[in-house]
Each structure stands twice: as structure tokens, then as C-alpha cells.
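Enquirer: Relevant sequence annotations retrieved from Swiss-Prot are reproduced here:
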{"type": "ACT_SITE", "residues": "Glu132", "note": "active site, proton acceptor"}
{"type": "ACT_SITE", "residues": "Glu203", "note": "active site"}
{"type": "BINDING", "residues": "His129, His133, Glu210", "note": "Zn(2+) binding site"}
{"type": "COMPBIAS", "residues": "52-95", "note": "compositional bias 'Acidic residues'"}
{"type": "REGION", "residues": "41-103", "note": "region 'Disordered'"}
Amino acid sequence: MSSMKSVSALDNVVVKSPNDRRLYRVIELENGLCALLIHDPDIYPEGSVPDQIDEDDEDGEEEDSDGSSEDDDDDEDDEEDGEGDEEDEDEDEDEVKGKGDHQTKKAAAAMCVSMGSFLDPPEAQGLAHFLEHMLFMGSTEFPDENEYDSYLSKHGGSSNAYTEMEHTCYHFEVKREFLQGALKRFSQFFVAPLMKTEAMEREVLAVDSEFNQALQNDACRLQQLQCYTSAKGHPFNRFAWGNKKSLSGAMENGVDLRECIVKLYKEYYHGGLMKLVVIGGESLDMLESWVVELFGDVKNGSKIRPTLEAEGPIWKGGKLYRLEAVKDVHILDLTWTLPPLRSAYVKKPEDYLAHLLGHEGRGSLHSFLKAKGWATSLSAGVGDDGINRSSLAYVFGMSIHLTDSGLEKIYDIIGYIYQYLKLLRDVSPQEWIFKELQDIGNMDFRFAEEQPADDYAAELSENMLAYPVEHVIYGDYVYQTWDPKLIEDLMGFFTPQNMRIDVVSKSIKSEEFQQEPWFGSSYIEEDVPLSLMESWSNPSEVDNSLHLPSKNQFIPCDFSIRAINSDVDPKSQSPPRCIIDEPFMKFWYKLDETFKVPRANTYFRINLKGAYASVKNCLLTELYINLLKDELNEIIYQASIAKLETSLSMYGDKLELKVYGFNEKIPALLSKILAIAKSFMPNLERFKVIKENMERGFRNTNMKPLNHSTYLRLQLLCKRIYDSDEKLSVLNDLSLDDLNSFIPELRSQIFIEALCHGNLSEDEAVNISNIFKDSLTVEPLPSKCRHGEQITCFPMGAKLVRDVNVKNKSETNSVVELYYQIEPEEAQSTRTKAVLDLFHEIIEEPLFNQLRTKEQLGYVVECGPRLTYRVHGFCFCVQSSKYGPVHLLGRVDNFIKDIEGLLEQLDDESYEDYRSGMIARLLEKDPSLLSETNDLWSQIVDKRYMFDFSHKEAEELRSIQKKDVISWYKTYFRESSPKCRRLAVRVWGCDTNMKETQTDQKAVQVIADAVAFKSTSKFYPSLC
């Protein structure tokens, strides 16, 4: 190990919130590596730091150790998937964190290397991402491919990594006393990785499987089209994902791929380009000694970052691209190329413009286009990913989800956007708007909620590349300098000549389609008429409906803390108390005495009369709620800018309303919401738009095979779940008259169960309950009229199979989801949950190691407990574009048969590692008020009310021996056991043939019709 010392060490240089108790030190090693060391006193709240434990464990494999951020952009259009209604939110693997007396936090680290996909050689595209994968495949000191992740998994940790355009980030978290051992293994990524030839072929397949997850994603397809149609030779003009074709194809063309990644590694993986963050409970001196010792052997190198050559604009001006969508969507995507603005971070001119162009209040583009019936959502700004924020340019985007009529008005919409830009130029930059953003930024910084340690480490390591060290935390929040001239200069780039237009729609048809070569997506390139370009350049007028937003009424001024005691012993903290228990409502209350921030979270579950009694009622309720959200949007949006968030969702017959954030304005916002909800009746124009949006959502349901398999499983498990195709059919016939007739009945009887948690006194919580009483003068809904879901009880020895084809006819991925039904929860018992969680902890890595790393079945290989309306189960899931469901199920079955041997061979020390790691997870301290609220709320929603659930589960785990786990496995997973009850859901990709099932039908019950199956099934009593 290195005998190097740090060249410099700076304490108290990092600007941090006055509420942040952590200590920060910045050090620089002789090799140029810069490290931010963070001492978190809450990791060892008891004060004494025990000796670190380092074991040379050699079992297991990766948990979730790779993934490229630009490759996983899977959030596009999720709000239109229509899948949330069917997926049981009670089926949640994250149970309540116990409020025990030994709560602990994890330690973590992250390394950001200043090189990314922009440096891929043209002959081997995706190389930087491939290199990221290869660093997990063992090092000289720790040659086993799974050593790093095996160590983390055994000690309550996990890892991840992602490749961006100009940097690559690796990060992990681990149980606090194993930080040094984890750092030993982690540091070798950057000292002596093996990058073995025999591992390369497998990891090419892993990269290819990862690419196949993105293949049918419209956001990824659009991004790649934008790269492909950028100027030839420009760094944007590349394929950053990488796949088998780009990597194996390079080898077939004579490229030595290993030589390429070794060259890339040697050239850029050196201290001068590395930023390390380590978070631990040890002293800063101890953390510094570890970093110096373990990272001192990293190669020396210059701090000068790689320079990129780019001449001319990224895209041709005056062009419109029409991209055929996978989903039923209409999206107008506009981009303007700005100069790089990282050095102007204290002024944030791009955020000022994003605030106005993306605003949703009265007078905004969003409000205007919505009133026209052309748009359903609008967002604007410079994205956080590397392709939008680079040293070459900032790319300012505006994404507008269109209605059918909006699709026909694209040029008109763009015309109004340039009218709004003219308005902004005419009124000139407004300092009061900047001051609002400044106040909100400072407020958010001062009272920032703590993140999980590994996320925080990764964020700060990225920020070390972006900001001076003193602003690695504050840089994202700061609005320090008002510079109207810079804003005016920036607005000079918002011209038609500097604008790229993309339209993504399922409706695009043409005989002149071109093909983007990597994704195979179809697109058309068109010239925008010159007359339009000229009219956009100089609008003759600005519509009177467009104007600047009003001043924000929800920015708080009162930050006083309600908790009197300065330091409260965790042991003395009480659970939520029921302060109101009446036929109309039940209110739970807990004053926050832990985080002491001026925030509160108020959650409400509102049972509505007859909301789930039939598919028609269900749809009318959804229509009403979606129209109500539409009506509330301007108020809710304004509050969200001031960090006071609102969500409104449906779960069965229950409307869930959440209002959370800075507490001062919560009563005012709730009063406004309920006043509108009390009397709201929709109009025909908005009814048509919302109905169209819902229809599109149902058509887009289950386009992703993984979502589809989960949906099918829940469809068979839940007694009353309305099929999305049936809902689409019934929705088509519903009218506004149907809805207006239904609303009074829906609102006639309700029951509310609520939780008020945070910086609220008991009197304030009671006042919130009174807002409901005063606003909603309705009758209470009797308990017998509230819907309670029942779960199918599979018969003894059940071996069920459900086969369906993928919904998207171009989807190559197949999925097998194998579900084992265990038992319903027993009252006040945590034993089943404890065994399930421990079983998962033990088998997760061997499963990943066998089926993904060794057999390369696919990118998604996972398992875990499932809790469906308080009925326990366990799932194995594999998604593959390479193999069909029969083969996948066979390999999963083979692994399950081998589990008994795996458990038998597990030595006592390893078993104890897994058990103590699981206990550490359960007793991990909630990182934020919001996290604790969500834990408490899950107990209320499930009607369990065991607010110390995880503490009890941890205690239960201490009594569970290896023989208990083996016995439990034999009871529920061994095929000969009558209690082995399983359901295999198989979703068949477009390249597979379901006729394979004909040779695979022995001793199984094939379910052809879910309704018919449930009509003859037995059900467990409803528990929630």
C-alpha cells in the first residue's frame, strides 16, 4: 500500500447549511486526486467508534452494480402508462423502519472520473460504458469477479455506477463498521483492475442486454435520433449506450477491444481527473488516513480535463424531425443550443428562463395552451444529464405533451412560444422573480432533507467536477448575483434559426421514412417553411392572455420549530397518536422531535362512496379525480415552486391526498384545495381532453414487459381488479352527463384517515382536521361500505402458468415472473417477514451471479419478497431479449432447486454476516422526515398500526437460525411440499413462439382467462 501523504487538507471550507451537523474536509493527494471527507456524527450516535471489520469474503456476486445513466432514462411518458391504478401500492418491499434504540446510518463513498462517452473512439462506440462494466470484474488484489459486491451484500450494502458524456461515477453504501473493507475493494477499481479477456465477452452481453431495456423507450429513441442527426464529427454525433453490434462488431472489424479499454483507462483513470467522496462515522483524521493509504497508488496525472473539439452548430437550423413513437403519445420537443454556463452557476440565467417558460400558473404558456385544448403538460429547462449540460454547450429543452388537436397545431404552438419570448424581451428581466428564486433556493438549502448516503456521495462527487470546493453543496441552490444583461444575452439564443424541432407521435406515417441505425426507429426530416421562420423571428403581437406570473403566495416566512426539547433520546420518542377517532375521520399525529426542520407531511386517505363498485364507477371516479387535478393545477404548481408539494392519486375506492413541505402554508393550501373540490363540476372541453388523455394512458398500459408481468400477476391475485382493456372499452361510452350525475353520489359519504407528522403542534393538526369538517359537509361512510381487497388463496400444490404475448409487437424482451405464495400476515407477528427478508438477503447475489453474470440470461435478474394487501409472497424475475420464457423458467427452476444446497453449505460466519446485515438495514435511521413519514403511513394504510414494525422484525431475526431458513425453504419452495404454491407469468417477446409451451404443459394448470380462474377460486379474508 502507498506511503503517500496528502498534499493539502482544508477544514471548514465547504459552505454548508447551519442545520448540517456533518464535518467536511477537502484533501488532495500527491497524485492529484481530490477527496471530500465527511464525518457524520449520526453514523455512530453512541459516540464510540469500534474497530473496523475487514473479512476476505469470497462468495456472492453483483447486486446492482452497473447501469449507465443516459441508458436508463426510462421516465418518459410514465404518467401516461396508466399502470399505477392496477398495481397494488400496498405491495411494497420497503417496510417501516423501526424506531428502535440502535438505529444506524450507512457509510458510503463515490468516485467520479472526468471522462465519459464523448471520448468513445468512433470505431468502438459505447466503450466508456463498457469500461465502467469491466471495472467490476475483479482486480489484482481481489481477483474474484464478485468480490466487491459480495462483500457489500453480506454487510448490508449495495453498489451502482453510471456513465455520462463527460464523467463516470461509481458509488456504494455499506454497514458502518465495514467501510474500510469496502474502500479497500473499491479503491482497486482505480489502481489495478484485471479487465480479463474471458470476462469481456460476458460483459458485452450485459451491455447489450442493458441497451435492449432502452430499445423501445421513446425518450431514449429521441435522444439517439438527436445524436445521429447532429453534425458529423461533432462529439454529440455518437452512440453512447453501446451494444453487441458496436462492441463485438468492432472486434470483428479487427479492433482489439481490450487494448482499447486499457488505453482509455490508462489515459484518463488517473488522480488528476478523479474526485472522491467518503462518508463515515470515523474522525476526519481516520478517514484521511484510509484515503491516503488506499488511493495513494492511483496513477498520477494532470488536472487538465480532456478537451473536445467541436466546430459549428450541433444541429442544422430550420429542420423538423418526425419520429414514430412506440407508445400512443404526441410530444413536441424544442431545443435551443446555449453556450456552456457552468461558470455562471451563481447567476443561473438558464434557471430564470426555465422558471418562466415552464411555469404553469395563470398567464403562462402551459395555461394558455391547455385552455386552447392543445396541450396536457409542458416542461422547460436545461436537463441535468451530461448531454444537456456539457463543456461544449447547454441544451435548453421544452417538451410539450399534445392532444390530438394539438398535434395538428404544431406551428401555431411554436408561434405562441415566440410570442411569449417576445413578451420576456419587452418587459426585460425582472429582479423580483430572481429574488423569489433566490429566497426559495436559500430556504431549500438551509433546510435540505438528508438523502441516502450513497446518493449524497455520488451527487457531491459530481459537484466537485462542476463547482469550486466551497460550493460543492451550495452550488445547486445558490442564486447570488443578479445579472439582467446575461439573461438578455442568453435570450438572444432563443431564435428559430437556433431551434431544433422534434415531433414524437404514434400517428406519424410515411413512405419516406429514414432509419436511425442503432435503435432502428423510423423518422422523417423536413424543412420548416421560410415564411414561418421569419414570422417566428419577429412576432407582430403578443396575445393578451400571456403575461408574467403573479408573486408567489406560498413562499413561507415562519421557520420556527415546534419541538421544545433540543435533544430527544430516540428511546423516548413516541409513535403517532390517534387524536381524532370519529365516524367521519380518524387522525393520527406525531410531532417531529428528530429532524427539527420547518417541514410537515400531511397525508389523507379518503374513502368515497361507491367509487370501486363497478368498472363504470371506477372510471367515473378516475375521470373526476383527473379533472379535479386539472382544475387545481395552477394553485398546486405555484405551491410546488415554494417547495410545498401536492399529490392526488386513486387506490381502489380511496382518494389519497398528500400535502407536504414547508409547514407554514399547508393550512392555506389545503383550504384552497378543499374549497374547489367541494363544489367543482367539470366542463365539456376539459372533459374531452382528460378523457382522451385517459384513453391514451390505457392504450399505453403494459407496453413494458416487466410492468406487464407484474400487472398479470396482480390481476390473478386481486379479487377485484378491472382490466385495462375493459376500462378502455367502457370509457369510450362515458359522457359528461354520466359524470355530472355520478359526482353528487360520490361525494355524499366519505371517510378520512390521516397522518399529520412534522413541525406541527397538536392544535395545528386539529385545525387541519377542522378544515376538512368545515369544507366537506357530508355524511360519514360506514365501514361496511368501504372496499377491502381480497387476495386469491392458491390451492395446495398449485403450479399455475399464465402466458401472454408482449403488447408492443416490436418488443424483443421476454419476461418470466415466478411468484410463490407464502401466507397472510399474522396479527402482531413479524416472523414470516423476517424469514422472507433473510432468505432474500442470502440468495439475491447467488441468483444474480448464476443467471446474469455466468449464464447471461439478460440484464434484469432479480428476486424479492412481495406483500400484496398483507399476503406474503416471493418473486423471481428475469427479462431477456436473448432467450424465450420456457428456457428462462427452466433456468430459474434449476436455481431454486439448488438453493437447498446453497443454504446447507453456508457456514455459520457467513450466515451471521447476512443476518446482521439484514438487522442493520432494518434499524437504519430514517435519513429524512419524509422517509419517516412514509414508513409510518404504510402502517396506517395497511391497517397494521405497528409503528415499531422493523424494530420488532430485527428482534425476531436474532432468534432465526439457519435451520429455520432451510425448513422454511423446504415448506414453501420444494415442489413435493403441499405448501409449495406458485404462479409463473410468462410474457413472450416478439421473436419467440408460444407454441413452445405445448411441450411444456406437464403437471401445470394453464390459466387462459383470469376472470374464469378467479370465479372458481377461494380468497383470503380482507386485511386492509
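Including glycine, each Cβ sits where the backbone N, Cα and C put it.
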Enquirer: Which of these binding-site residues is closest to Glu203 (active site) if you go by CA atoms: His129, His133, Glu210?
Expert: His133
Enquirer: Please report how many Å separate the Cα atom of Glu210 (Zn(2+) binding site) from that of the residue listed as 'active site, proton acceptor', as a whole number.
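Expert: Cα-Cα, rounded: 13 Å.
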Enquirer: Please name the residue among the binding-site residues His129, His133 whose C-beta has the most neighbouring C-beta atoms within 10 angstroms.
Expert: His129
Enquirer: Would you say which of the recorded positions Glu132, Glu210 has the most Cβ atoms within 10 Å of its own Cβ?
Expert: Glu132
Enquirer: Tell me the Cβ neighbour count for Glu203 (active site), meaning other Cβ atoms within 10 Å of its Cβ, over all protein chains shown.
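Expert: By my count, 23.
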